[in-house]
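Only one structure is covered here, and it is reproduced in the block below.
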Amino acid sequence: MADRRTLNVVILGVGFLFIFTAFTTCGNIEQTVVKSLENDTFTGSGYHSLGIIYGVFSFANLLAPTVVAVIGPKMTMFLSGLLYSGYIAVFIIPLTWSFYLTSVLTGIGAATLWTAQGQFLVENSEASTINRNTGIFWALLQCSMLFGNVYIYFDWNGRTEIPDSSRRNIFLSLVVISILGTLSFLVLRKSHQEEDMLSEEEGQSLLSTHMTHRTSGAIEDAKSEFSLELSFYSGVYGTCIGATAQFGAAAKGLIGISGIVVGIGEIVGGGLFGLLCKNNRFRRTSVVLLGMVVHFVAFYLIFLNIPDDAPVVFKTTTQKNAYLTPSVSVALLCSFLLGLGDSCFNTQLYSILGCIYAEQSTPAFAIFKFIQSVLAAVAFFYSGYLLLMWQLLLMVILGFTGALCFFMVERMQNISVDLQEY
């Protein structure tokens, strides 16, 4: 039975790998694609589309647990995957109305997909395997940053504009990949060994339930601060690199390389902090502290290396100069640090949620994603208007606050466990 549950986690990760190979590549390049469209009637914005997705995502999370409870996590993930595929398909023949309509539908699909994923992962884990399973899933998921971006690099390298034929070929391929990932969810099998599930092994006394209510607010605060950084590396930073005039004809191809390097950072972090770390609270706190420091170093280097107007230019490249001469090596180092820091946060957030909310995994992961998506939506909407230095400063302040909130959660959980043992 344990083997079946491990296989379920692997299949789950592979399904997300395929879907997010398509969707993450799409998100990484869509603002650049929109700027290059040979279509005067299309008035959409990639930033606004991603903002709509995350905004709808946040409110759809209120209903996502009900959907998962009614039709089950397996079918929920399958139907949600179809919505993701529809969004990607819009870029084959882009129309403004369909672009924004599918953004709304994808926001709904994202809420149900991630809520179902959280429940399914907890159902197939024990207290002793939650960190390992989180690491397996996270490492497979972050491989999605690699494959699509490899294609982008080879197809776009040396281009200053993206022709319609190239756009159509890219997005046709991405749609096929997304559909394959969606179909893989149909292979998942239900785990029947309820007595070994995490929720039973951990147990919940009245005291620990009381402490859970107290920690919930701190968890939400922690996740809300980290969400701005998700928006930055997944949709903004690649656009900044592609808009940097000093990178010349290589700039567009560097968007793909940056996405690959972010993915490598995510995979390294998922392996080190998910698969290799034992399930103890000291290490969770240490990993989050490391993630904060790594991101702060990345933000400082980006501040020095990328022109301040990179996120806000539309039809042109950057007009301002960076504090240092922009370096490709430094830009890609920052990509790696962004991915590594993000994996530090996410592996530990999934781990602590799986432990504290073992018996309430569906609503817990829905709240988790609600907070994330609200802040991500806000970040995508201001990304096209706020200069780079102000975006970086905001992430530094809120990233520090988020780390402090995580430490509060760990402390409260320590008190709960100690009193329960007493």
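If you go along the chain as it appears here, the first residue is 1 and each next one adds 1.
Quick reminder: no glycine exception, Cβ is built from N, Cα and C everywhere.
According to TrEMBL, the protein carries these features:
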TRANSMEM  7-30  transmembrane segment
TRANSMEM  50-71  transmembrane segment
TRANSMEM  78-97  transmembrane segment
TRANSMEM  134-154  transmembrane segment
TRANSMEM  170-188  transmembrane segment
TRANSMEM  255-275  transmembrane segment
TRANSMEM  287-303  transmembrane segment
TRANSMEM  323-341  transmembrane segment
TRANSMEM  362-382  transmembrane segment
TRANSMEM  388-409  transmembrane segment
Using a Cβ cut-off of under 8 Å, list the residues of the same chain at least 6 residues beyond the transmembrane segment (50-71) that approach it.
27, 30, 79, 87, 100, 103-104, 106-108, 110-112, 114-116, 119, 231, 235, 362-363, 366-367, 369-371, 373-374, 376-381
May I ask for the residues of the chain that lie six or more residues beyond the transmembrane segment (362-382) and have a Cβ under 8 Å from a Cβ within it?
47-48, 50-55, 57-59, 61-62, 64-65, 68-69, 107, 110-111, 114-115, 117-119, 216, 219-220, 223-228, 230-232, 235-236, 349, 353, 356, 391
Under 8 Å, at least 3 Cβ pairs, sequence separation 6 or more: does that hold for the transmembrane segment (134-154) versus the transmembrane segment (78-97)?
no
Go through the chain and flag residues at least 6 beyond the ends of the transmembrane segment (170-188) whose CB is under 8 A from any CB in it; none is fine as an answer.
8, 11-12, 14-23, 25-26, 29, 74, 77-78, 81-82, 84-85, 88-89, 91-92, 120, 148, 151-152, 155
Have the transmembrane segment (255-275) and the transmembrane segment (7-30) got at least three CB pairs under 8 Å, pairs 6 or more apart in sequence?
yes
Near the transmembrane segment (78-97), which same-chain residues lie under 8 Å Cβ to Cβ, leaving out any that are not at least 6 residues past its ends?
15, 19, 22-23, 26, 30, 33-34, 37, 39, 41-44, 53, 71, 103, 105-106, 108-110, 112-113, 116, 167-168, 171-172, 174-175, 178-179, 181-183, 185-186
